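Undergrad: Just dropping this structure here.
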Amino acid sequence: MRYQKLKGMVDILPGESEHWQYLESIAQKVFNNYQYHEIRTPLLEQYDVFARSSGDSSDIVSKEMYDFEDKGHRHVALRPEGTAGVVRAYVENKLFGPDHIHPYKVWYKGPMFRYERPQSGRQRQFHQIGVEALGSDSPAIDVETIAMASDFLHELGLTNYKVVINTLGDQQTRSAYHQALLDYLMPLKEQLSADSKERLTKNPLRILDSKDSQDQEIVAHAPSILDYLTPAAQEHFEQVQQLLAALEIDYEIDANMVRGLDYYNHTIFEIMMTSPAFGNKEMTLIAGGRYNGLVAELGGPEVAGVGFGMGVERLLLVLKQQQDNLPAPNYPDIYLVAVDQSSSLEVSKLLAQLRKVGISAERDYLDKKVKGQFKQADRMHAKFTLAIGEQELKEHKAQLKRMQDGQQVEVDLTKISDLITKVQEG
Ligand code: ATP
Ligand code: MG
């Protein structure tokens, strides 16, 4: 029997995992500056948490969920996205209460699961980093999330991205627009794709998001939601734009942009980028928006919410395209070479001392000859080597060799601080 990983699942191996750690550390740093705190919710939830929040007619719920009955006959599902679990936790832990700071601002990272057809950039287990701010209606917090997303990309050294915004308005806007869209699309029904014909009765707004080219042509002439905004929705959208301008964040408005999930209203946004990583096509890196109905939908009070999510795999594809933006790999600062059996113990002791002060140090564990150990140090890109044998131990002196240029300096083995300083100086 040869075991293989499941279709659409990926191993993230050393060499690659460092990139993930780097990206996650930047997220943590930027989000901390904005006072968002990390939340970790279960990967497995009641099926209804997702069905309720994403909407039964969404692709995620109707086609892509990993759901099953557990041994206790509960209908459960692996999370397909992060927001529903966060909102479930918010309601269940009564985080809307007076003991907590509002808006309640969190971020998360981790695997998501969708049973899709795997292809480049599309997996069945993939990863998202996301943020949610719960408990504020203010357009300022919509803009804060956009600014934070943009800062995050900047910190990663990415600049050639585009912020696109739209509004889905409030309930009243949505129903008025829904009708206008139906009036426009109904006579064109026979020209729509099979999927969109179905959407026509279930959720016509989703047709705006269709990937079918014929649908897209029809959609291009559809009425604009911006003509159906209530005064309140209009005001909210205008304030968002004023604030974006004040923060000098460039943006475009795309009146046809909608979200795949049912719970969004008011501001929605995407950050897009064209990169050779995507065959020079434009791709969405970060997508988010406001979802004022969701907390109540999941059994909580009428509390507003706004957030975004990003696909980590997609972001890493872009970063790898621009290698300069990725950090140097984690090479050892020093490799200790044990010249003979008798010095092995001393090498281990020295190794422990160096590691204790934060120096990344390595040695041989395969009984390699001296030559083999140096070869290994080279292969690992060790910055320095230090060979220790009987003679070095007797004289309490050894030669610290800088691998890059072969330069050697003598270190006093009775004074570990001497060695530490020289290694740290590089
Ligand atoms: P798409 O239209 O590409 O299917 P989506 O609307 O389903 O995207 P969201 O639910 O908004 O995507 O998820 C946010 C991000 O998560 C996407 O922009 C993408 O980067 C990433 N993502 C979504 N599904 C997958 C997947 N199956 N594999 C890898 N990344 C994914
Ligand atoms: Mg999808």
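Glycine too: its Cβ is placed from the backbone N, Cα and C atoms.
As annotated by TrEMBL, domain 'Aminoacyl-transfer RNA synthetases class-II family profile' applies to 23-327. Taken from TrEMBL, the feature L-histidine binding site applies to GLU81, GLY82, THR83, ARG114, GLN128, GLU132, ARG259, TYR263, TYR264.
Walk me through the surroundings of each of these features.
TA: Mean model confidence of the domain 'Aminoacyl-transfer RNA synthetases class-II family profile' (23-327) amounts to 93 (pLDDT, 0 to 100 scale).
Annotation note: THR83 (L-histidine binding site) sits in a helical segment as assigned by DSSP. A sphere of 10 angstroms centred on the C-beta of THR83 (L-histidine binding site) encloses 25 other C-beta atoms.
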Undergrad: Neighbour count, 10 Å Cβ-Cβ cut-off, for GLN128 (L-histidine binding site): what number do you get?
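TA: Taking every protein chain into account, the count is 21.
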Undergrad: With the L-histidine site defined by the record as GLU81, GLY82, THR83, ARG114, GLN128, GLU132, ARG259, TYR263, TYR264, how many Å span the farthest pair of C-alpha atoms?
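TA: The two farthest binding residues have Cα atoms 21 Å apart.
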